[in-house]
Amino acid sequence: MQKKTLSDISCKGKRILMRVDFNVPLDLNGTITNDKRIIEALPSIRQVLETGGRLILMSHLGRPKGKVTPELSLAPVARRLSELLDTDVVMANNCIGTEAMQQALALQDGEVMMLENLRFHPEEEKNDPEFARELASMGEIYVNDAFGTAHRAHASTEGICHYVPISVAGFLIEKELRYLGNALANPERPFLAILGGAKISGKIDVLDNLFDKVDTILIGGAMIFTFFKAQGYQVGTSLVEEDKIELAKHLLEKAAAKNIRMLLPEDVIAASAFSADAETATVPIDSIPETMMGLDIGPKTIDTYSREILKARTIVWNGPMGVFEIDAFATGTIAIAHALADATAKGAISIIGGGDSAAAVMKAGLESGITHISTGGGASLEFLEGKELPGIAALND
(Lines of atoms letter the chains of each structure in order from A and count residues from 1; the text may use other names and numbers.)
(Lines give C-alpha, C1' and ligand atoms only; values in the text may rest on other atoms or scores of the structure.)
Protein backbone atom coordinates (compact mmCIF):
# COMPACT_ATOMS: atom_id res chain seq x y z
CA MET A 1 0.00 0.00 0.00
CA GLN A 2 1.94 2.99 -1.27
CA LYS A 3 0.72 6.30 0.12
CA LYS A 4 2.18 9.79 -0.23
CA THR A 5 3.94 10.81 2.97
CA LEU A 6 5.20 13.87 4.78
CA SER A 7 8.52 13.45 2.94
CA ASP A 8 6.76 14.06 -0.40
CA ILE A 9 5.45 17.55 0.37
CA SER A 10 6.83 21.03 0.91
CA CYS A 11 5.52 22.56 4.15
CA LYS A 12 7.12 26.02 3.83
CA GLY A 13 4.59 28.78 4.53
CA LYS A 14 1.67 26.34 4.39
CA ARG A 15 -0.96 25.60 7.04
CA ILE A 16 -0.47 21.90 7.80
CA LEU A 17 -3.45 20.27 9.49
CA MET A 18 -2.24 17.12 11.26
CA ARG A 19 -4.41 14.45 12.89
CA VAL A 20 -2.47 12.94 15.79
CA ASP A 21 -3.43 10.41 18.45
CA PHE A 22 -3.02 12.32 21.72
CA ASN A 23 -5.55 10.13 23.54
CA VAL A 24 -3.29 9.96 26.61
CA PRO A 25 -4.17 8.74 30.12
CA LEU A 26 -4.90 11.49 32.67
CA ASP A 27 -5.15 11.18 36.46
CA LEU A 28 -7.93 12.78 38.54
CA ASN A 29 -6.02 16.09 38.65
CA GLY A 30 -5.81 16.21 34.85
CA THR A 31 -2.09 15.34 34.85
CA ILE A 32 -0.81 13.17 31.99
CA THR A 33 0.39 9.84 33.42
CA ASN A 34 2.01 8.54 30.20
CA ASP A 35 3.12 10.83 27.37
CA LYS A 36 4.32 8.05 25.02
CA ARG A 37 1.78 8.97 22.32
CA ILE A 38 2.88 12.61 22.32
CA ILE A 39 6.53 11.58 22.05
CA GLU A 40 5.74 9.19 19.18
CA ALA A 41 4.26 12.06 17.15
CA LEU A 42 7.30 14.34 17.60
CA PRO A 43 9.20 13.27 14.43
CA SER A 44 6.28 14.33 12.19
CA ILE A 45 5.66 17.50 14.22
CA ARG A 46 9.32 18.53 14.10
CA GLN A 47 9.51 17.84 10.36
CA VAL A 48 6.71 20.36 9.71
CA LEU A 49 8.06 23.01 12.08
CA GLU A 50 11.69 22.70 10.96
CA THR A 51 10.74 23.04 7.29
CA GLY A 52 8.75 26.24 7.90
CA GLY A 53 5.24 24.84 8.06
CA ARG A 54 2.45 26.37 10.17
CA LEU A 55 1.19 23.42 12.17
CA ILE A 56 -2.39 22.88 13.35
CA LEU A 57 -2.76 19.73 15.45
CA MET A 58 -6.04 17.92 16.11
CA SER A 59 -6.88 14.89 18.23
CA HIS A 60 -9.55 13.31 20.37
CA LEU A 61 -9.17 12.55 24.07
CA GLY A 62 -11.33 10.06 25.93
CA ARG A 63 -15.04 9.65 25.24
CA PRO A 64 -16.86 12.94 25.82
CA LYS A 65 -19.80 11.59 23.74
CA GLY A 66 -20.21 14.71 21.61
CA LYS A 67 -20.43 17.15 24.54
CA VAL A 68 -17.96 19.73 25.85
CA THR A 69 -16.35 18.03 28.87
CA PRO A 70 -13.77 20.32 30.57
CA GLU A 71 -11.85 17.44 32.20
CA LEU A 72 -11.21 16.02 28.70
CA SER A 73 -9.75 19.24 27.32
CA LEU A 74 -6.51 18.88 25.34
CA ALA A 75 -5.00 21.86 27.23
CA PRO A 76 -2.75 19.61 29.43
CA VAL A 77 -1.53 17.94 26.22
CA ALA A 78 -0.71 21.33 24.66
CA ARG A 79 1.27 22.22 27.81
CA ARG A 80 3.23 18.95 27.72
CA LEU A 81 3.90 19.32 23.99
CA SER A 82 5.13 22.86 24.60
CA GLU A 83 7.66 21.49 27.14
CA LEU A 84 8.82 18.75 24.75
CA LEU A 85 9.23 21.12 21.80
CA ASP A 86 10.52 24.01 23.93
CA THR A 87 8.20 26.35 22.05
CA ASP A 88 4.78 27.93 22.61
CA VAL A 89 1.76 25.89 21.59
CA VAL A 90 -1.34 28.03 20.98
CA MET A 91 -4.38 26.30 22.52
CA ALA A 92 -7.69 26.89 20.73
CA ASN A 93 -11.03 26.86 22.57
CA ASN A 94 -12.69 24.84 19.82
CA CYS A 95 -11.71 22.77 16.78
CA ILE A 96 -13.90 24.75 14.35
CA GLY A 97 -15.42 28.24 14.27
CA THR A 98 -14.30 31.82 13.68
CA GLU A 99 -11.95 32.15 16.67
CA ALA A 100 -10.02 28.94 15.93
CA MET A 101 -9.84 29.92 12.25
CA GLN A 102 -8.42 33.36 13.11
CA GLN A 103 -5.78 31.72 15.33
CA ALA A 104 -4.85 29.36 12.49
CA LEU A 105 -4.56 32.21 9.98
CA ALA A 106 -2.37 34.18 12.43
CA LEU A 107 0.26 31.40 12.64
CA GLN A 108 3.71 32.22 11.29
CA ASP A 109 6.20 29.76 9.76
CA GLY A 110 7.43 27.28 12.38
CA GLU A 111 4.56 27.97 14.82
CA VAL A 112 2.12 25.41 16.20
CA MET A 113 -1.40 25.35 17.59
CA MET A 114 -3.60 22.66 19.11
CA LEU A 115 -7.32 22.45 18.33
CA GLU A 116 -9.67 21.46 21.15
CA ASN A 117 -10.93 17.87 21.50
CA LEU A 118 -12.58 16.77 18.24
CA ARG A 119 -15.05 14.54 20.06
CA PHE A 120 -16.64 17.52 21.85
CA HIS A 121 -18.67 17.53 18.60
CA PRO A 122 -20.95 14.54 17.85
CA GLU A 123 -20.32 15.17 14.13
CA GLU A 124 -16.72 13.88 14.45
CA GLU A 125 -17.61 10.23 15.03
CA LYS A 126 -20.59 10.47 12.65
CA ASN A 127 -18.19 11.52 9.86
CA ASP A 128 -20.47 14.47 9.14
CA PRO A 129 -19.52 16.03 5.76
CA GLU A 130 -20.17 19.64 6.83
CA PHE A 131 -18.03 19.21 9.96
CA ALA A 132 -15.28 17.53 7.88
CA ARG A 133 -15.40 20.44 5.40
CA GLU A 134 -15.10 22.97 8.23
CA LEU A 135 -12.10 21.12 9.73
CA ALA A 136 -10.50 20.93 6.27
CA SER A 137 -10.80 24.71 5.81
CA MET A 138 -8.33 25.17 8.71
CA GLY A 139 -5.41 23.87 6.66
CA GLU A 140 -4.00 23.66 3.14
CA ILE A 141 -2.41 20.22 3.48
CA TYR A 142 -3.70 17.34 5.63
CA VAL A 143 -1.40 14.86 7.36
CA ASN A 144 -2.75 11.78 9.16
CA ASP A 145 -0.35 10.44 11.79
CA ALA A 146 -2.94 8.73 14.02
CA PHE A 147 -2.71 5.00 13.27
CA GLY A 148 -4.72 4.21 16.40
CA THR A 149 -7.86 5.71 14.81
CA ALA A 150 -7.13 4.77 11.17
CA HIS A 151 -9.70 1.96 11.28
CA ARG A 152 -12.45 4.48 12.08
CA ALA A 153 -14.16 6.47 9.33
CA HIS A 154 -14.46 9.72 11.30
CA ALA A 155 -14.59 13.31 10.05
CA SER A 156 -10.96 13.99 11.05
CA THR A 157 -9.60 10.74 9.57
CA GLU A 158 -11.67 9.95 6.47
CA GLY A 159 -14.23 12.69 5.73
CA ILE A 160 -11.66 15.47 5.75
CA CYS A 161 -9.71 13.90 2.87
CA HIS A 162 -12.58 14.73 0.48
CA TYR A 163 -12.13 18.47 1.12
CA VAL A 164 -8.36 19.02 1.10
CA PRO A 165 -6.26 19.11 -2.07
CA ILE A 166 -3.40 17.09 -0.54
CA SER A 167 -3.65 14.38 2.14
CA VAL A 168 -0.59 12.37 3.15
CA ALA A 169 0.62 9.95 5.84
CA GLY A 170 2.82 11.11 8.70
CA PHE A 171 5.96 9.23 9.73
CA LEU A 172 4.14 7.06 12.31
CA ILE A 173 1.60 5.75 9.82
CA GLU A 174 4.35 5.34 7.23
CA LYS A 175 6.25 3.11 9.69
CA GLU A 176 3.12 1.07 10.51
CA LEU A 177 2.44 0.46 6.82
CA ARG A 178 6.06 -0.47 6.21
CA TYR A 179 6.26 -3.10 8.94
CA LEU A 180 2.70 -4.46 9.07
CA GLY A 181 2.30 -4.17 5.29
CA ASN A 182 5.59 -5.92 4.47
CA ALA A 183 4.97 -8.67 7.01
CA LEU A 184 1.70 -9.56 5.30
CA ALA A 185 2.70 -8.92 1.68
CA ASN A 186 6.30 -10.05 1.52
CA PRO A 187 7.56 -11.69 4.73
CA GLU A 188 10.96 -13.23 5.17
CA ARG A 189 10.30 -16.89 6.02
CA PRO A 190 9.67 -18.81 8.20
CA PHE A 191 6.76 -16.48 9.05
CA LEU A 192 5.29 -17.15 12.50
CA ALA A 193 2.19 -15.66 14.11
CA ILE A 194 1.48 -15.77 17.84
CA LEU A 195 -2.17 -15.24 18.74
CA GLY A 196 -3.47 -14.96 22.28
CA GLY A 197 -6.41 -13.46 24.10
CA ALA A 198 -9.60 -14.72 25.66
CA LYS A 199 -11.85 -15.42 22.72
CA ILE A 200 -11.68 -17.12 19.34
CA SER A 201 -14.50 -14.82 18.21
CA GLY A 202 -12.13 -11.84 18.35
CA LYS A 203 -9.50 -13.58 16.22
CA ILE A 204 -11.48 -15.51 13.56
CA ASP A 205 -10.79 -13.01 10.78
CA VAL A 206 -7.12 -12.72 11.73
CA LEU A 207 -6.72 -16.50 11.63
CA ASP A 208 -8.54 -16.69 8.31
CA ASN A 209 -6.32 -14.02 6.75
CA LEU A 210 -3.09 -15.44 8.24
CA PHE A 211 -3.84 -18.98 7.02
CA ASP A 212 -2.94 -17.75 3.53
CA LYS A 213 0.32 -16.17 4.66
CA VAL A 214 2.06 -17.80 7.64
CA ASP A 215 4.04 -21.01 8.10
CA THR A 216 3.33 -21.53 11.81
CA ILE A 217 0.77 -20.24 14.32
CA LEU A 218 1.21 -20.47 18.10
CA ILE A 219 -2.02 -20.17 20.10
CA GLY A 220 -2.25 -18.99 23.71
CA GLY A 221 -4.67 -17.20 26.01
CA ALA A 222 -8.05 -18.52 27.14
CA MET A 223 -9.15 -19.21 23.56
CA ILE A 224 -7.05 -22.42 23.70
CA PHE A 225 -9.77 -24.04 25.82
CA THR A 226 -12.38 -23.74 23.09
CA PHE A 227 -9.93 -25.53 20.77
CA PHE A 228 -9.25 -28.20 23.43
CA LYS A 229 -12.97 -28.72 23.99
CA ALA A 230 -13.31 -29.15 20.21
CA GLN A 231 -10.65 -31.90 20.42
CA GLY A 232 -12.58 -33.67 23.18
CA TYR A 233 -10.48 -32.66 26.22
CA GLN A 234 -11.96 -31.85 29.61
CA VAL A 235 -10.91 -28.31 30.57
CA GLY A 236 -12.24 -27.98 34.14
CA THR A 237 -13.76 -24.55 34.82
CA SER A 238 -11.64 -22.82 32.14
CA LEU A 239 -13.29 -20.22 29.90
CA VAL A 240 -14.92 -21.87 26.86
CA GLU A 241 -17.02 -20.29 24.12
CA GLU A 242 -19.55 -23.10 23.80
CA ASP A 243 -21.06 -21.58 20.65
CA LYS A 244 -17.63 -21.53 18.95
CA ILE A 245 -16.64 -25.20 19.41
CA GLU A 246 -17.70 -26.15 15.86
CA LEU A 247 -15.81 -23.14 14.52
CA ALA A 248 -12.70 -24.22 16.46
CA LYS A 249 -12.93 -27.68 14.82
CA HIS A 250 -13.26 -26.03 11.42
CA LEU A 251 -10.20 -23.80 12.05
CA LEU A 252 -8.08 -26.80 13.11
CA GLU A 253 -9.13 -28.69 9.96
CA LYS A 254 -8.46 -25.65 7.77
CA ALA A 255 -4.95 -25.22 9.20
CA ALA A 256 -4.22 -28.91 8.52
CA ALA A 257 -5.62 -28.67 4.97
CA LYS A 258 -3.43 -25.64 4.23
CA ASN A 259 -0.38 -27.38 5.70
CA ILE A 260 0.05 -24.78 8.43
CA ARG A 261 1.54 -25.84 11.75
CA MET A 262 -0.94 -24.62 14.33
CA LEU A 263 0.46 -25.32 17.80
CA LEU A 264 -1.60 -25.43 20.98
CA PRO A 265 -0.11 -25.60 24.52
CA GLU A 266 1.04 -28.91 26.03
CA ASP A 267 0.56 -27.75 29.61
CA VAL A 268 -1.07 -24.92 31.54
CA ILE A 269 -0.91 -23.20 34.91
CA ALA A 270 -4.29 -24.02 36.46
CA ALA A 271 -5.80 -22.26 39.47
CA SER A 272 -8.71 -22.94 41.80
CA ALA A 273 -10.08 -19.42 41.19
CA PHE A 274 -9.50 -16.32 39.05
CA SER A 275 -7.40 -14.62 41.70
CA ALA A 276 -3.79 -13.79 42.58
CA ASP A 277 -3.79 -15.85 45.78
CA ALA A 278 -5.56 -18.93 44.39
CA GLU A 279 -3.95 -22.34 44.75
CA THR A 280 -2.15 -23.22 41.45
CA ALA A 281 -0.77 -26.32 39.73
CA THR A 282 1.10 -27.01 36.50
CA VAL A 283 -0.83 -29.66 34.58
CA PRO A 284 -0.74 -31.30 31.12
CA ILE A 285 -3.73 -30.25 29.03
CA ASP A 286 -5.26 -33.73 29.22
CA SER A 287 -5.30 -33.62 33.04
CA ILE A 288 -6.88 -30.31 34.04
CA PRO A 289 -8.72 -30.98 37.34
CA GLU A 290 -12.45 -30.40 37.02
CA THR A 291 -12.44 -27.77 39.79
CA MET A 292 -9.60 -25.72 38.27
CA MET A 293 -9.22 -23.27 35.39
CA GLY A 294 -6.23 -22.67 33.12
CA LEU A 295 -4.89 -19.10 33.43
CA ASP A 296 -1.46 -19.25 31.72
CA ILE A 297 0.63 -21.48 29.47
CA GLY A 298 2.93 -23.92 31.30
CA PRO A 299 6.74 -24.35 31.28
CA LYS A 300 6.84 -27.08 28.59
CA THR A 301 4.76 -24.89 26.29
CA ILE A 302 7.01 -21.90 26.99
CA ASP A 303 9.98 -24.04 25.99
CA THR A 304 8.36 -25.31 22.77
CA TYR A 305 7.01 -21.89 21.76
CA SER A 306 10.36 -20.17 22.48
CA ARG A 307 12.16 -22.67 20.23
CA GLU A 308 9.64 -22.03 17.43
CA ILE A 309 10.06 -18.27 17.81
CA LEU A 310 13.86 -18.56 17.54
CA LYS A 311 13.49 -20.44 14.23
CA ALA A 312 11.35 -17.72 12.64
CA ARG A 313 12.47 -14.76 10.49
CA THR A 314 9.22 -12.75 10.64
CA ILE A 315 7.07 -12.81 13.78
CA VAL A 316 3.74 -11.10 14.41
CA TRP A 317 2.30 -11.22 17.94
CA ASN A 318 -1.20 -10.20 18.99
CA GLY A 319 -2.69 -11.10 22.37
CA PRO A 320 -1.31 -12.34 25.72
CA MET A 321 -0.68 -16.01 26.63
CA GLY A 322 -2.43 -15.80 30.00
CA VAL A 323 -3.99 -13.42 32.50
CA PHE A 324 -0.86 -11.30 32.53
CA GLU A 325 -2.42 -8.49 34.63
CA ILE A 326 -2.03 -10.90 37.58
CA ASP A 327 1.69 -11.55 38.20
CA ALA A 328 1.12 -15.23 39.07
CA PHE A 329 -0.19 -15.80 35.53
CA ALA A 330 2.10 -13.43 33.60
CA THR A 331 5.05 -15.84 33.25
CA GLY A 332 4.02 -17.21 29.84
CA THR A 333 3.41 -13.82 28.27
CA ILE A 334 6.65 -12.35 29.64
CA ALA A 335 8.62 -15.43 28.47
CA ILE A 336 7.21 -15.04 24.95
CA ALA A 337 8.26 -11.36 25.02
CA HIS A 338 11.82 -12.44 25.95
CA ALA A 339 11.89 -15.07 23.17
CA LEU A 340 10.75 -12.41 20.70
CA ALA A 341 13.54 -10.06 21.81
CA ASP A 342 16.08 -12.92 21.48
CA ALA A 343 14.87 -13.74 17.96
CA THR A 344 15.07 -10.04 17.03
CA ALA A 345 18.65 -9.86 18.31
CA LYS A 346 19.42 -12.74 15.91
CA GLY A 347 18.04 -10.79 12.95
CA ALA A 348 14.32 -11.65 12.86
CA ILE A 349 11.70 -8.96 12.26
CA SER A 350 9.32 -8.81 15.23
CA ILE A 351 6.03 -6.93 15.13
CA ILE A 352 3.67 -6.51 18.05
CA GLY A 353 0.08 -5.59 17.29
CA GLY A 354 -0.55 -3.07 20.03
CA GLY A 355 -2.89 -3.56 22.98
CA ASP A 356 -2.12 -6.13 25.67
CA SER A 357 0.94 -7.64 23.94
CA ALA A 358 2.52 -4.18 23.77
CA ALA A 359 1.72 -3.65 27.47
CA ALA A 360 3.39 -6.99 28.27
CA VAL A 361 6.56 -6.01 26.41
CA MET A 362 6.65 -2.71 28.33
CA LYS A 363 6.11 -4.61 31.60
CA ALA A 364 9.12 -6.78 30.74
CA GLY A 365 11.15 -3.68 29.80
CA LEU A 366 11.86 -5.12 26.35
CA GLU A 367 10.40 -2.50 24.00
CA SER A 368 13.82 -1.56 22.61
CA GLY A 369 14.41 -5.23 21.69
CA ILE A 370 11.41 -5.44 19.32
CA THR A 371 11.51 -4.28 15.69
CA HIS A 372 8.10 -2.60 15.70
CA ILE A 373 5.40 -2.11 18.32
CA SER A 374 2.20 -0.93 16.68
CA THR A 375 0.63 2.23 18.08
CA GLY A 376 -2.92 1.03 17.39
CA GLY A 377 -4.47 -2.08 18.93
CA GLY A 378 -7.78 -2.14 17.03
CA ALA A 379 -6.24 -0.74 13.85
CA SER A 380 -3.41 -3.28 13.77
CA LEU A 381 -5.91 -6.11 14.38
CA GLU A 382 -8.04 -4.97 11.42
CA PHE A 383 -4.88 -4.65 9.32
CA LEU A 384 -3.97 -8.26 10.22
CA GLU A 385 -7.51 -9.26 9.25
CA GLY A 386 -6.80 -7.94 5.76
CA LYS A 387 -9.35 -5.14 6.07
CA GLU A 388 -8.94 -1.76 4.42
CA LEU A 389 -8.46 1.00 7.00
CA PRO A 390 -10.62 4.01 5.99
CA GLY A 391 -8.21 6.60 7.42
CA ILE A 392 -5.39 5.22 5.28
CA ALA A 393 -7.38 4.37 2.15
CA ALA A 394 -8.49 8.03 1.96
CA LEU A 395 -4.91 9.39 1.70
CA ASN A 396 -3.30 10.26 -1.64
CA ASP A 397 -1.57 7.35 -3.41
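From the backbone N, Cα and C atoms, a Cβ is placed for every residue, glycine too.
Just one of Arg37, Arg46, Arg133 is listed by Swiss-Prot for the same substrate site as Asp21, Phe22, Asn23, His60, Leu61, Gly62, Arg63, Arg119, Arg152, and that one is Arg37. The maximum pairwise C-alpha distance among Asp21, Phe22, Asn23, Arg37, His60, Leu61, Gly62, Arg63, Arg119, Arg152, the residues recorded as binding substrate, is 18 Å. A separation of roughly 18 Å, to the nearest angstrom, links the Cα atoms of Gly355 (ATP binding site) and His60 (substrate binding site). Comparing C-alpha positions, Asn23 (substrate binding site) sits nearest to Asp356 among the binding-site residues Lys203, Gly294, Glu325, Asp356, Ser357. When Cα-Cα distances from Asp356 (ATP binding site) are compared across the binding-site residues Asp21, His60, Arg119, the shortest belongs to Asp21. Comparing Arg119 (substrate binding site) with Ser357 (ATP binding site), their Cα atoms are 28 Å apart once rounded.
Cα-Cα distance from Gly62 (substrate binding site) to Ser357 (ATP binding site): 22 Å (rounded to the nearest whole number).
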